[in-house]
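Quick look at what Swiss-Prot lists:
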BINDING   20-27, 88-92, 142-145  GTP binding site
DOMAIN    11-277  domain 'tr-type G'
Amino acid sequence: MFDSNHEQELSKRRTFAIISHPDAGKTTITEKMLFFGKVIRVPGTIKGRGSGKYAKSDWMNIEKERGISITTSVMQFTYKNILMNLLDTPGHQDFSEDTYRILTAVDCCLVVIDAAKGIEERTRKLMDVARIHNTPIITFINKLDRDSRDPIEILDEIEKELKLHCIPISWPISCGKNFRGVYHIHDKIIHLYKSKFRKNFLTLDSFLDGSLNEYLGADLSIYIRQELELIMNVYSKFNKEKFLKGITTPIFFGSALGNFGIDHLLDSLIKWAPSPLYRQSNKRIIKPQERNFTGFIFKIQANMDLKHRDRIAFMRIVSGQYTKGMKLTHVRIKKNIIISDAFSFLAGERISINKAYPGDVIGLHNHGTIKIGDTFTQGEEIKFIGIPSFAPEIFRLIYLKNPLKQKQLKKGLVQLSEEGTVQVFRPILNNDLILGAIGILQFDVVIERLRIEYNIDAVYKKVNIVLARWINCGNHHSLYNLKKSYSSYLAYDISNSLIYLAPSSANLNIVMSQNSDISFNATREQ
């Protein structure tokens, strides 16, 4: 039954991801958000191996051992009567392509930048993906209580490299050991950092008159007044329409570890981040207000529960609503199924649900039939688009210490590839198994998970591959000639799509120039 309060439920939801370079403080921010949402009583802190205390959002064994986030956790919490769906992406140096795909399931992104380092490599790559859909971006410049770069310099870098117009919402009062707080330009309030006074904020009147000297000292008071006058004259005021179009980004400053500025972020998500947005299908636009249910799979996680060796499919609801026991059509395989055991998440903990709405992420038990990119509807034959596979950047040849376990190896690799950990390629000329990943750490993850979850010992050999491009060709004669001339460089991926594995960029350029009627693509639609 379709709820009469559907529109109200939509307005109460925000679905967003946090993205950053390693060590920018993303996990700490996630923990503090859960703390503000009263999901956890004490925020966890990342500790070294063997400490026994880990962040709530890091729940896989390898994450706990290394103190890093490898998978993408999905967490739901309530803040000021708004239901927040937070997709926490990996913050370690090597992402999987799963990280990129997560951004297709959110309506807004929070970018975390280290105040001492500015924009770093992984932030750039994630932003490139977010910009494909013009996803609204909120920026948090973290670690102001440590030595940091000049704030204006960081804003200039954001505008130049990320092509976003910066709109400062808060502004730091000094930094490092002298960090005293921020002036909230939009609310016209000064928030003091670890104030020794009874009040932890000052009104605008206090900012303008001489009483500010009591809190900051005469010299700092004069300096911050002059700096703020400059900032408010140089930068534009916040415009929600431009933010929602991905043109501008509101800028916040603070210290996640010091629990300072996180509430400002959450308040901005409530006020400015969009409620669930529409999605494009192969036939039409699907709006969240529609009565009929639709959703798509953006992630699969194998063996979340080692006791049950299960696989979970993560579904973003696009329209309609989920009700326990409803019948859905799995469009790709043209099969109707009854969903009675969907659940929501809290960093690995499953909570059975009776209802869910657009913007929510629900988990479905998967026995091998659900794949990334699959669409579920109430009968309409559509497929959501814009959920791609990305060409890997690093490659390895995998082989077994015990050749008799080849069958188990293939099964394990299929599961790991379906959840986006790595991609698996089968050369057309031999039985080798070549793995491709976005970052080197994913290979360590595969070896460890094969050992723990499948009792398989495998090792790697280096392979002479530097680039991969999927082949798209409508001319059978041209495709035949390509296979004949370059068979040693061709392979099939897990979906049996043909891919060219190039030993160098020069090699790829030559092949492309000689086969102008064939497309060599860095992404492939699921």
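Cβ atoms here come from the backbone N, Cα and C positions, even for glycine.
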All-chain count of other Cβ atoms within 10 Å of Ser20 (GTP binding site): 24
The domain 'tr-type G' (11-277) [mean pLDDT, rounded to integer]: 83
Secondary structure at Lys26 (GTP binding site), reduced by DSSP to three states: helix
Fewest-neighbour residue among binding-site residues, criterion Cβ within 10 Å, set Asp23, Lys26: Asp23
Three-state secondary structure, which DSSP defines for Ser20 (GTP binding site): strand
